[in-house]
Amino acid sequence: MLDKVTKQKLVVIGNGMAGIRTVEALLERAPDLYDITVFGSEPYGNYNRILLSPVLAGEKTVDDIMLNTVDWYEDNNITLRKGETISMIDRRTCEVVTDAGDRVPYDRLLIATGSNPIMLPLPGKDLPGVIGFRDIYDVDRMIKASTDYRNAVVIGGGLLGLEAANGLMKRGMNVTVVHLLDTLMERQLDPVAGGLLRKSLEERGMVFKMPAQTQAILGEERVTGVRFGDGTELPADLVVMAVGIRPNFELAKKAGLYCERGVVVSDTMQTYDGRIYAVGECVQHRRQVYGLVAPLFEQAKVCANHLAMKGFATYDGSVTSTKLKVTGIDLFSAGDFAPGPDKEEIVLQDANRGVYKRIILKDKKIVGAVLYGDTIDGPWYFQHLRDGTDVSHMRERLVFGAANLGEGGVSGQNSVAAMSDETEICGCNGVCKGAIVKAISEKKLFTLDDVRAHTKASSSCGSCTGLVEQVLAFTLGGDYSAAPKVKPLCKCTDHSHDDVRRVIVEQQLKTIPDVMRFMEWKTLNGCHSCRPALNYYLLATWPGEYRDDQQSRFINERVHANIQKDGTYSVVPRMWGGVTTPSELRAIADVAEKFNIPTVKVTGGQRIDLLGVRKEDLPAVWADLNDAGMVSGHAYAKGLRTVKTCVGSEWCRFGTQDSTGLGVKLEKFMWGSWTPAKVKLGVSGCPRNCAEATCKDVGVVCVDSGYEIHFAGAAGLHIKGTEFLTKVETEDETLEVIVALTQLYREEGWYLERMYKWCDRVGLEQISKRVVDDVANRKALFSRFAHSQQFAQTDPWAERASRGVDRNEFAPLAELELA
Amino acid sequence: MTSWIEIGALDDIPRLGSRVVRTPGGNIAVFRTESDEVFALDDRCPHKGGPLSQGIVHNKRVTCPLHNFVIELASGQAVAPDEGCTHTHPAKVENGIVWLSVRQAAAVS
């Protein structure tokens, strides 16, 4: 550990969310690198500025919104100089100067001075009773005024103004909102949504004067009224100016740092002086100034990474979304919604239900969304907006939201705000709304990952992710940090799945340690998320060459059976195409009796499952099944699972083709292959579709003239019908197309990404082009799959039952009889 | 006083893997890290009793196969924000042989 003398000095100007979030991120990455001093003008620790509105409305207290108490600074050896203002940065001597004249040296300086409310230059603006809305001091003054006075005027009908007005109204004041334009929140809302918002605020007792220009603030000793451009006047004991904020960069400008509308920073959050960094509302990055909190989480991370000398990360700008923090009003807005010639709009308007949705598309992608009354899908639209997803295939149902596309969570709920605290959000882990809200407020959580770690909500199947994000937005007021667009593979690295796959090929990396070394993994040996992913990527990239790392496989794939809640296993023998024989059934019955297997169950994939097998019995169970001619059914694998079939033309009076035979053929060709996530096939002999082929990863529907090939269906977490890929005339062509499709998925899918998610991400058109249209490419894909199958098609059960593979795995190391 | 029992060869435990030692008080999972350190814990996750011996080992931690609780091998503590603790038992390697000292109270409980 470095002592204070040799440590570099980091000085932070600004004790707000941006500065402290950066310090927190820095401490995570390099706890001992700097001797840190923080200057803050306000006499508090760091608090959550987003939540000032609920404090004003009396829904939260100041203590509720504290993020870092004074103890936190002490515990982390940070010198906090609160109530002290920096008046100058001396770049020549690398010192900052306080208003008391104290000089403090720095090696690195972080400017996080935030922004100031804009005070209109009106006559009377300095009268007592005229205030901005920016910090705890302002809120205190407003609360005090609400007990002593009756009439308030809020200038500004934007987000901040409406929240201030709502809070003052809740405190019992008569509130008039004055707005220059005829639409409320015109930067976030279109006129229709603005009108709906105005109507519901009026119903609550808020009064509006708009469009109206304020001309003067009246009064002698204290404010008494406001005069407008049309000559009318309104009495007022309190005037809140909430017309906007202005980045606070005076200090930086005086120090000669290049500033435009804010302190100009690079992608590493550095100013033109490389020793000086800046984050938060005071910065201008790629011509953009942000007045919201969300972008600072990404900025803080990048800045901390650079300060910690870990290099690599860059900030690429943020797309922001907004939510109004007025209890009982659901409103969501994101992106760009100004009309334009190249934009298309989808609008749903239901006046009686008070619902309005407008989705703006450009080049098949969502570029903006305005939701009023029913905002449950806000985060879902926002995610597609950030990811730039091609939404053309779901266009006709898009406006009805995720639930209508089979991606929803709790059914029948269209607003998190309306849910009771007992409503279960995460069905996997039994987490209700109240528990999530409590964790977010008590543990000061800001990101989806935080919520997952602390509550387990959305950490299993993930289908409630949208809901959890909605609860985050609802609790924090929209300014939560949405998941970044390019997701790192796991917490051990900043690289994405695509990066890792590409680098493995480019650099010819052939072992997990090689990948981790080359890509500078942050952890020794990775974790339970990245190791199985890397193992799969290497296996799929270098068939026959890469040696499968058993210790990087999840237990099911290591012991070729499925672990159960009590630590026993289940065993599923393969039944090709779902067809079995009396002797196989007899052998299964004998095994079940011989090993006292408690449950025998038929599965959804037309197989028989033996549940409750003790681990040490597995090799013997397999030996008996092998003797009867059966092999592993891979019911545990991220690989080809089952091909479900109907009886087809061999028996069925409606059957058009031999669906059973085709299913068996497909399964015999493809069994044993490893894939990013499980793959299930179905083959139906006619459009009646008894094998339910159109909700499988790949499905074939036989018709009289040939074979329709479908893919990217799902009937689990999400319900999704397949997409039609192509129609062919022969069984051989069917096999070729399906194998090529699977190989493309093997080469491009992210680990644990099901085929339908891959298709959503890459696009149906892209896949179809390479598998159907480009015949040469299809044949190349087919032969790569066939090559890889030479090394994959060994029955793992037989290896272990009779050839002694992994013998140690199934026997105890020792048996002790303790005295 | 610690009484050591010989339980087998280090090479019989895979690196970044685990083997089970049966005792009348329940199974004990013996882990081997990449740098050949060994640790012994009751083979029960503090969360829902999952068999830790079947988990993926990374650095000096193991992830329970049932619900991904991550347990510190040295202390038996769940990694925050998860909570809970699994009993540990002293273990050591001498000349390629693994020795275990079963803490009776823990093993019997």
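A Cβ is built for glycine as well, from the same backbone N, Cα and C atoms used for every other residue.
All annotation found in TrEMBL is predicted automatically rather than curated by experts.
Residues A:Cys652, A:Cys686, A:Cys690 are recorded by TrEMBL as [4Fe-4S] cluster binders, and the candidate that the same record lists for that site, out of A:Cys646, A:Cys759, is A:Cys646. Around A:Cys652 ([4Fe-4S] cluster binding site), a 10 Å sphere centred on its CB holds 16 further CB atoms from the protein chains shown. Between the candidate binding-site residues, A:Cys646, A:Cys686, A:Cys690, the densest Cβ environment within 10 Å is the one around A:Cys646. For the domain 'FAD/NAD(P)-binding' (A:9-287), the model gives a mean pLDDT of 92. Excluding A:Cys646, A:Cys652, A:Cys686, A:Cys690 themselves, the residues of that chain whose CB lies within 8 A of the CB mean position for the [4Fe-4S] cluster site are, in sequence, A:Val647, A:Gly648, A:Phe654, A:Gly655, A:Ser659, A:Ser684, A:Gly685, A:Arg688, A:Asn689, A:Ala691.
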